[in-house]
Every structure is written in structure tokens, then in C-alpha cells.
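Student: Here TrEMBL flags 6-181 as domain 'Formyl transferase N-terminal'. Under the heading N(1)-(5-phospho-beta-D-ribosyl)glycinamide binding site, TrEMBL lists Gly15, Thr16, Asn17. Annotated (6R)-10-formyltetrahydrofolate binding site per TrEMBL: Asn105, in sequence order. Annotation source TrEMBL lists active site, proton donor at His107. Sequence annotations record features per position, and here TrEMBL assigns site 'Raises pKa of active site His' to Asp148.
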Amino acid sequence: MNKKVRIAVLVSGGGTNLQALIDAQKKEILKSGKIELVISNNSNAFALKRAKKNNIPFEIIDKKDFEEKLKEILKLYKIELIVLAGFTAILPADFVQDYDKRIINIHPSLIPSFCGKGFYGIKVHEEALKKGVKITGATTHFVNEIIDGGEIIMQKAVEVYEDDTAEKLQKRVMEFAEWIILPQSVEKVCKCILKNILEEK
Ligand code: GRF
């Protein structure tokens, strides 16, 4: 069967995690799903340039009527799995419930540490350094109505060094955890979705 899960990646910034997914697709680490669409809530996101360069269709949705437009676009592209890769907006609870186990997020810490409301971007690593943890990492999880509260898919630990700054730590967590487990998690979930489709037939 050649069916692949149709994936939309939601981004707001640099898009290095999107790039990791694109690279994984090329290397066939991600082979049970295909990135069909990139959606951004920020028209200046560098992630959009990455989409363009790789011939992936992209859409920009601004704040106004965001939910309505998002639903419309996802339907139009027949999207079956949503990946939040550095997407800064919180998706409304009713939307999230409609996509139960169909939305994946990547968070730059080992959940349940340094997660939840207010823990995003560099702040996560600043707090990890403040606490003096010796190990941190990244977590992929399904999205539910609780911020960073959905079922965990994968985690990978990264060592914290004595002379770390938040920026250095952020970079290490991305390189040695996020860019590895995000594509692996997406493949794992896509495989599962395909298996369920086959069994339903
Ligand atoms: C990553 O650290 C991700 O874990 C977090 O936001 C950052 C996005 O980076 N959710 P990028 O846009 O993928 O480069």
C-alpha cells in the first residue's frame, strides 16, 4: 500500500524542527507520512522559506478568524496529522478535542519538568539552569486541552554542562534531542494511523 498520512506542520519561527522533518522525509526516516502543508501564524517566519525551498505548499493565517480558517485549510488539504513545530499560539480546546491523538507537539524539556503555561522558548532553558538540573532534554507528546499535558510519545535526555548559558543549552537540546525525536515520533504515529486504517478495511 502506498498510502501515506497527510501531514501539516504548524510553525511560527525559524523552523529548524520543520527542517529536521523535511530531512527525515528525504532520508526515509519519515516514510509513513508526507508533509503536504506548512501553516504559519507569522508571515515573517523563516520556516516559510524552508517550505518554499522544498516545494511544500504553505499558508499564512493571521489572528483574525484563526480557528475557522485553520479548519477550512486542513479540510482542503485533507490533513490527517498536525505537527506543532515551534508554533507559538495555543489551539482552542474544542479544536484539539476534534483532533484527538492527531496533534503532536515538541517541547524542549523533559516533561513534567519546566512545562505548562509560560514555559516556552529560551525561558525553558533559563529555568532549567536556575534550578541547577544536571539533565534536561526534549519531549514529544500528543496535544490535549492542558498545555504540555497530553500523552508522552518520546523523550530524549541531554546533559547540562557547568558553563552552560541558556542559549548554549537550547542549541544542544535542539541538536541532540528535538531534531532526532520529532521525526521519529511523527513516523511512529503515522505508522499507527496507517495500521488503524488498514484494520478498519
Ligand atoms: C523549539 O525549541 C521547540 O521545542 C519549541 O520552539 C522551538 C522552535 O524552534 N516548541 P524552530 O522554529 O523549530 O527552530
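Quick reminder: no glycine exception, Cβ is built from N, Cα and C everywhere.
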Student: Which ones in the same chain are close to the residue listed as '(6R)-10-formyltetrahydrofolate binding site', with CB under 8 Å and 6+ residues apart in sequence?
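Tutor: The residue listed as '(6R)-10-formyltetrahydrofolate binding site' has long-range Cβ partners Val83, Leu84, Phe87, Thr140, His141, Phe142, Val143, Asp148, Gly150.
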Student: Nearest to His107 (active site, proton donor) by Cα distance: which of the binding-site residues Gly15, Thr16, Asn17 is it?
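Tutor: In terms of Cα distance, His107 (active site, proton donor) lies closest to Asn17.
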Student: For the binding-site residues listed here, Thr16, Asn17, which shows the highest count of neighbouring CB atoms within 10 A?
Tutor: Asn17
Student: May I ask which residues of the same chain, at least 6 positions away in sequence, place their Cβ under 8 angstroms from the Cβ of Gly15 (N(1)-(5-phospho-beta-D-ribosyl)glycinamide binding site)?
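Tutor: Those within reach of Gly15 (N(1)-(5-phospho-beta-D-ribosyl)glycinamide binding site), by Cβ under 8 Å and sequence separation of 6 or more, are Ala45, Phe46, Ala47, Leu48, Lys49, Arg50, Ala51, Ala85, Gly86.
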Student: Over the domain 'Formyl transferase N-terminal' (6-181), work out the mean pLDDT and round it to an integer.
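Tutor: Mean pLDDT for the domain 'Formyl transferase N-terminal' (6-181): 97.
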Student: Look at each of the recorded positions, His107, Asp148, and point out the one with the fewest other Cβ atoms around it within 10 Å.
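Tutor: Fewest other Cβ atoms within 10 Å, among the recorded positions His107, Asp148, is found for Asp148.
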Student: Which recorded positions of Gly15, Asn105, Asp148 contact ligand 1 in the sense of C-beta under 6 Å?
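Tutor: Cβ under 6 Å from ligand 1: Gly15.
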Student: Would you mind pulling the DSSP three-state label for His107 (active site, proton donor)?
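Tutor: Looking at the DSSP assignment, His107 (active site, proton donor) belongs to a strand.
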Student: Compute the centroid of the Cβ atoms of Gly15, Thr16, Asn17, then list the same-chain residues not in that set whose Cβ lies within 8 Å of it, in sequence order, for the N(1)-(5-phospho-beta-D-ribosyl)glycinamide site.
Tutor: Val11, Gly13, Gly14, Leu18, Gln19, Ala20, Ala47, Arg50, Ala85, Gly86, Trp179
